[in-house]
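Q: Pasting the feature list from TrEMBL:
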SIGNAL    1-18  signal peptide
DISULFID  Cys49-Cys128  disulfide bond
ACT_SITE  Ser139  active site, nucleophile
DISULFID  Cys187-Cys194  disulfide bond
ACT_SITE  Asp191  active site
ACT_SITE  His204  active site, proton donor/acceptor
REGION    227-249  region 'Disordered'
REGION    297-317  region 'Disordered'
Amino acid sequence: MVAINYLATLALAASASAIPMDSRLEARQSFSIPGIGGQTANDVQSGTCKDVTYIFARGTTEQGNMGSTVGPALKTKLEAAIGADKLATQGVNYPADVAGTVVGSMSPGQAEGSKNCAQLVKQALSNCPQTKIVLAGYSQGAQQVHGCLIDLSADEAQKVAAAVTFGDPLRAQQFKNIDQSRTKIFCATGDLVCTNQFIITAAHLSYASESTGPAAEFIQQQLGTLDSSSSSSNSSSSSTTTASTSADSSVASSGLGSGLLGGGLSGLTGGSSSGGSSLLSGLSGLSGSDSSSSGGSSLLSGLSGSSGSSDSGSSMLGGLSGLSGLSGLGGSSSGGSGLMSGLSGLSGLSGLGGSKN
């Protein structure tokens, strides 16, 4: 929360003591005076879609919906880290008054800023399904981030790539509905607000200059982790699709029954075909081995393939068995009185000879 009386703040800073830290906290001891005025950003409300959507909740009494300290500073650091053209920024609209700190502390999910934050997340995901959400809040705004995650469904919260808070009165509480590895709390040494005491010290005013850089690095890492997870999922899906396609191809080439084009295609995978009256029953040997087509009256019964032969029958093109040279293998044709039985020697198709008896 931002101090209303900075002279009183500086006086309190002298007596501030260090607070216990946990694995998600980082100690900072510098001090910076908040800027004058505040900034406003409404990219979500205007329907702007970018790779990353940064939603920030300001501290008590800060102006604009982004405030003048941590919010704008983190925005600048994120733009430098991931590119300004990839970042949409939205401030949480809520009163940010002193009275709100009580509700935010006791029932963060009921706080006005929490509800507005959750609505902004839903709107961003609805307008831009592929965007990655980053939540951040300072002081009373940190309470709103806790409440925001409470107000989201588990599925919606999983779309939040990172949640970061500064000077967090609820720092002892875990965030809800999100993996804790994607969250980080920055509490400076001597910041009494982080012990849920609303006493402003110099440490509470240090985050814009001291913590937004490390916070941006953490957020960038989480965005990269999310990208890697998404790529792995897409790769797995692609592999499944490829396997399915291969299976379909195998079924298609194996020869299925004696349909119009099916009966004589069994040899495409090395099988054999005999008899029958399929239009192309003689194609059994196109890629098979030691396959033969005999008997029947197929129109192209003589198109047997590698090392295959066509004996007897009156096929219209019975002598075309020598076309097996298409795959580099010789074929032979004997017998038959087909219209074009003498074509078995078309060896020039693959540079290899065939023979006609």
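In case you wondered, yes, glycine gets a Cβ from its N, Cα and C as well.
Any idea what these are sitting next to in the structure?
A: There are 14 other CB atoms within 10 A of the CB of Cys49 (disulfide bond), with all protein chains counted.
In the three-state DSSP assignment, the secondary structure recorded for Cys194 (disulfide bond) is helix.
According to DSSP, His204 (active site, proton donor/acceptor) sits within a helical segment.
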Q: By a simple count of other Cβ atoms within 10 Å, which of Cys128, Cys187, Cys194, the disulfide-bonded residues in the record, is least packed?
A: Cys128
Q: Cβ neighbours within 10 Å, counted over all protein chains: which one of the active-site residues Asp191, His204 has the most?
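A: Going through Asp191, His204 one by one, the largest Cβ count within 10 Å is at Asp191.
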Q: Neighbour count, 10 Å Cβ-Cβ cut-off, for Ser139 (active site, nucleophile): what number do you get?
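A: 34, counting other Cβ atoms within 10 Å of Ser139 (active site, nucleophile).
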Q: Listing them in sequence order, which of the recorded positions Cys49, Cys128, His204 have their Cα within 10 Å of that of Asp191 (active site)?
A: His204
Q: In angstrom units, rounded to an integer, how far apart are the Cα atoms of Ser139 (active site, nucleophile) and Cys49 (disulfide bond)?
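A: It is 28 Å, counting Cα to Cα.
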